[in-house]
Amino acid sequence: MNSLILKNCNIVNFDKIEKNKTVIIKNGVITSIENSSKDKGIDLKGKYLLPSFVDLHSHLREPGEEFKEDLFTGCEAALSGGYTSIVIMPNTKPPIDNPQSVTYLKKRELEFGRIEIFPLGALTKNMESVEITEMYDMLKAGAKGFSDDGIGTKNSRVFLNALRYISRFDSFISVHCEDRNLSEGGQINESDVSIKTGLSGIPFIEEDITVYRNLRIATYLKTALHIAHISTKDTLSLIKDFKKKNQKITCEVTPHHLIFDESVHFNYDTNLKVKPPLKSKRDVDSLVKGINDGSIDAIATDHAPHQIYEKEVEFIYAPFGIIGFETSFPSLYTNLVLKNKTDIKTLVKLLSYNPAKILNIDERYIKTGNLANLVVVDLEKEVNVDRKFIKSKSINTPFFNKKLFGSIDMTILKGRIVFRRD
Amino acid sequence: MKWTKKHLLSIEELTREEIDFIIDNAFSFKDILLRPIKKVPALRGKTVVNLFFEPSTRTLISFSLAEKHLSADSVNVSTKTSSVMKGESLLDTAKNIESMKTDMVVIRHSSPGAAKFLSERINSNVVNAGDGTHEHPTQALLDFMTIKEIYKDLKNLKVLILGDILHSRVARSLIWGFLKYDTKVTLCAPPTLMPLYLNDFDVKIEYDIDKAIQDKDVVYILRMQLERQEKGLFPSLREYVKEFSMTYERYLRIKDKSIIMHPGPINRGVELDGNVADSEKSVILDQVTNGVAVRMAILYLLNGGKNE
């Protein structure tokens, strides 16, 4: 019988913190939680035990762009950031728009063997927003849901048909909301910052315009819908309104949209060039409020690796996107918790408990009888975000060479230690 | 005052004193320009690379002449002759050029922030000769010099900037500078070519050109890029000319002492009438002359302000 004992843990669940507990795990399951005594076991004195994180949004670039990331490096990066379960987006090259591609990813998951991968298939063939994909077959092959992430399904009729077609199954539909006519050619949010930097602006309304259409369609069909990486106050208030009519609507925000506002662009740092673009301080404040008041359901990384030579170029030539697995928890802890903008229970709720619920997977709650999907965090330890710290192939993060509090020391999947920081 | 900046990247980052200082120096260099022998040894033994990733005639010639008058050795690299077309990155191009032991790089590029990007990664002094729609500091400096030649002081002057403000790096540099001088700035353009966010700038917006030109001491006309029509930003040249061009008829209605300026190259019959360009109030060619003097002053100051 495989067993693991963790002693002197401070257990953080989304609703409470319990100090000095011993967690006993047998065959991957938490069999008891007791007050700590001097017994044997891994001593986690001063450290915190959290349910492991679940990412609703990441890009592992395989197949097609393995020079940026491959499935194995992406998974190592995720584990080192405390993630044991990750949703991977289908906008690879070529896109995951057929059952065979899903089967391939599930095979790679088995080869890696230390993480749960939930691949999404494309909603439309080649993500061209013309014909819907073989979604039933993709579900059977192991897809968790569907998305035309990175572009969005431009054609409203096609999007409606896709949602309707898949509505007989419970699957996770994530939508990227961008009005390409408004965003084309744009570099950052249109504002006084775009005027001063000369970087062409994207009017922020492009997001809520598209969010509205998508929410309207899902509400019309009474289907579930998950809005990916929201970035504005207006989008959030729209989602709040629609949630009253359709309880199956959920949304996510990225760590970077909670931490940075558009004023960072005066440095022309391409590691802050993202889609959707960073918004005003007012938007950031409302998103932070949204994670605290429950109107935002999840924090997702949108881990998007790009090689240094792709990013180390003139701003207008740099691709959009930054990596996020490794820095997600430490950056949120350092920039939000330590600045009293939120608390660690809320982070657990949005990084673990809620996303697991949205995906309808094993509950992320540390209690007897639940699977031992856990992460050990040292909140007082500072990590230096350097090449060694980053497990991803790419280092495109605004936190590169910066120090952050909140070290992920250990990641546990079903009772098995799948990552341990040296 | 003593010059301390290593690079010239924008007007925004300059103080009013620094702008004045550059222009004072430029007036001295203009005296040299007017001599039969125009050469001084200020940059003797120094190597300057003019790295132009966007087509330019006037700015490139102006910098080249300024460099030659200061006795620098200079080479011109433009997109057509460099390896940029073969896929080499700006950073690699710059590092390679610097490995050939250059001292200064003058860069024009279509990406905002390109000059800053370079200045953070190479050792040479960097001069921004226009970075996308961000800034064109040397243009604004030569414009301020030209205005000073006529009005002595910029304070309280009434200036109109007319044309495609949204996409103009010249307009941005001018606005930053004018506001440092407490010049009264009015902007006129079709709303589609006017930035939506100007709250941080103390400028007046006037969409009616006939109102906008009244009482102005300086009418600064921007070049109209014809590709804007294709992007749906204005319907036709015909309507643009009717509503926003400095026609000869409008020229007759501007103040007697007013001056007409333009950064070049001009589109005769588009943003201004050919007769206006050639009129007595036009200082467009004085701007060009002052451009060489201002660029001499900048290269001289960035090199430490010493002769040899």
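Using N, Cα and C of the backbone, Cβ positions are placed for all residues, glycine too.
Just so you know, TrEMBL annotations are computer predictions that nobody has curated.
Of the listed candidates (A:Asp149, A:Asp208, A:Asp409), TrEMBL assigns A:Asp149 to the same Zn(2+) 1 site as A:His57, A:His59, A:Asp302.
Among A:His226, A:His229, the residue that TrEMBL places alongside A:Asp149, A:His176 at the Zn(2+) 2 binding site is A:His229. For the substrate site, TrEMBL records A:His59, A:Leu60, A:Arg61, A:His306, A:Phe320, A:Gly321, and the single candidate of A:Asn27, A:Asn35, A:Asn91, A:Asn340 listed with them is A:Asn91.
The two recorded residues, A:Phe320 (substrate binding site) and A:Asp302 (active site), have Cα atoms 11 Å apart. Put simply, A:His59 is the one of the binding-site residues A:His57, A:His59, A:His176, A:His229 whose Cα lies nearest to the Cα of A:His306 (substrate binding site).
In terms of Cα spacing, the recorded positions A:His57, A:His176, A:His229, A:Asp302 all stay beyond 10 Å of A:Asn91 (substrate binding site).
Across the fold, the C-alpha of A:His229 (Zn(2+) 2 binding site) and the C-alpha of A:Asp149 (Zn(2+) 1 binding site) stand 10 Å from each other. Using a 10 angstroms CA-CA radius around A:His176 (Zn(2+) 2 binding site), none of the recorded positions in A:His59, A:Asp302, A:Gly321 qualify. Under a cutoff of 8 A between CB atoms, and with a sequence separation of 6+ in the same chain, the neighbours of A:Arg61 (substrate binding site) are A:Lys68, A:Glu69, A:Asp70, A:Gly74, A:Thr92, A:Pro305.
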